[in-house]
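In TrEMBL this protein carries:
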- 1-29: signal peptide (SIGNAL)
- 26-149: domain 'Ig-like' (DOMAIN)
- 159-245: domain 'Ig-like' (DOMAIN)
- 251-274: transmembrane segment (TRANSMEM)
- 285-373: region 'Disordered' (REGION)
- 305-318: compositional bias 'Polar residues' (COMPBIAS)
- 336-345: compositional bias 'Polar residues' (COMPBIAS)
- 355-373: compositional bias 'Low complexity' (COMPBIAS)
Amino acid sequence: MVSLPRPPATSLLRFLFLGLSTLASPSRAQLELHVPAGLTRLKAVEGAEVVLPAWYTLQGQVSSSQPWDLLAVMWFLEQEGKDLNQVLAYISGVTSSKPGVSLVYSMPSQNVSLRLQGLQEKDSGSYRCSVNVQDHQGIKRSHSSKTLELRVLVPPAPPSCRLLGVPRVGTNVTLSCQSPRSKPAAQYQWERAPPSAQVFFAPALDAIRGSLSLTNLSSPMSGVYICKAHNEVGSAQCNVTLEVSTGPGPAVVAGAVVGTLVGLGLLAGLVLLYQRRSKALEEPANDIKEDATAPRTLPWPKGSDTISKNGTLSSVTSARALRHPQGPPRPGALTPTLSLSSQVLPSPRLPRTDGAQPQPISPSPGGVSSSALSRMGAVPVMVPAQSQAGSLV
């Protein structure tokens with residue numbers, strides 16, 4: 001067996017075969033090609049092998065002393081939308097074929113059945129057998145052909161099972177099952193595995209699409225669900241586990257988390273806003289206005305008022321009007337202070353609210369302040385005065 005020639009050569013062989021058929025002269029022997037009745041349409045499973053049966057007879061042959069020679073046997077594959085494809089040729093004792101294609105019997109033989117091995121889906125189509133014979137002298141020829149239909153079937157490939165929806169109590173879910181490859185198209189059946197075995201039918205089951213609708217879920221509906229995809233040549237199955245939960249769904253949990261985060265964000269925003277407003281109210285109060293009036297100074301008595309006419313040293317006490325005993329002292333109010341006639345006291349000052357330290361007031365050239373004397377360790381002493389008579393008082 002040799003490999004098939006290229007397409008141009010195949011076409012040439014076909015034209016040669018048709019030419020021989022056309023030029024075949026009438027003779028007393030007529031060639032007739034036969035196929036089994038009722039086997040013109042064959043089915044086979046992918047991966048298996050099949051035999052396309054065919055044989056020929058010669059009618060009107062005068063005697064066996066004048067045998068007819070088998071000139072050519074050809075098998076062609078016809079597919080819709082594709083060119084005619086030669087799969088096997090036997091011409092003058094030489095056979096050429098495609099891989100997996102052969103004749104059942106060795107030639108020359110009146111049985112020209114074709115064997116196909118390792119079938120694939122692409123091998124489906126119409127197979128035409130053509131036979132040419134001639135007499136022993138090569139003068140008389142005859143031709144005949146027959147066609148057989150072959151359909152290669154594919155069992156369902158293992159399907160994939162999916163769960164569509166959230167299996168919670170009271171909700172609805174859909175179980176989906178789909179086989180990626182099947183010829184003819186697969187039919188689907190859903191059932192529940194033991195110990196709670198159950199078989200489902202329409203309308204909950206869609207046998208064409210492979211879907212099963214489960215409504216108003218409850219906890220007892222949990223279990224293993226099996227899908228079977230089947231056609232006339234095989235079947236395959238898959239399963240999915242359904243666990244019906246009673247707690248809140250992921251959406252509820254996510255909503256609670258998002259709500260908590262939003263609430264915390266709003267609370268933080270309110271705190272920041274309150275702090276900013278408080279700071280804005282404090283800043284104007286701490287600023288010193290340039291046009292503010294200076295505080296009044298406490299009037300002090302003159303030095304001549306501190307000494308009585310009899311020459312006795314007396315103290316002068318000056319105070320502002322007394323406030324309510326339970327009220328706090330007003331800023332800038334002075335308390336009575338013992339003063340000497342020979343001392344110059346500084347004027348009282350209001351405390352500053354801007355945090356700056358008050359500048360010390362330098363004493364006048366004529367005396368030293370009482371605070372300076374205290375820091376130097378001085379002690380107040382009563383000095384006796386002299387009367388006009390010259391005696392001490």
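Using the three backbone atoms N, Cα and C, a Cβ is placed for every residue, glycine included.
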Chain residues outside the transmembrane segment (251-274) and at least six past its termini with a C-beta under 8 angstroms from it: none
Residues in the domain 'Ig-like' (26-149) grouped by DSSP into helix, strand and remaining coil: 3 helix, 67 strand, 54 coil
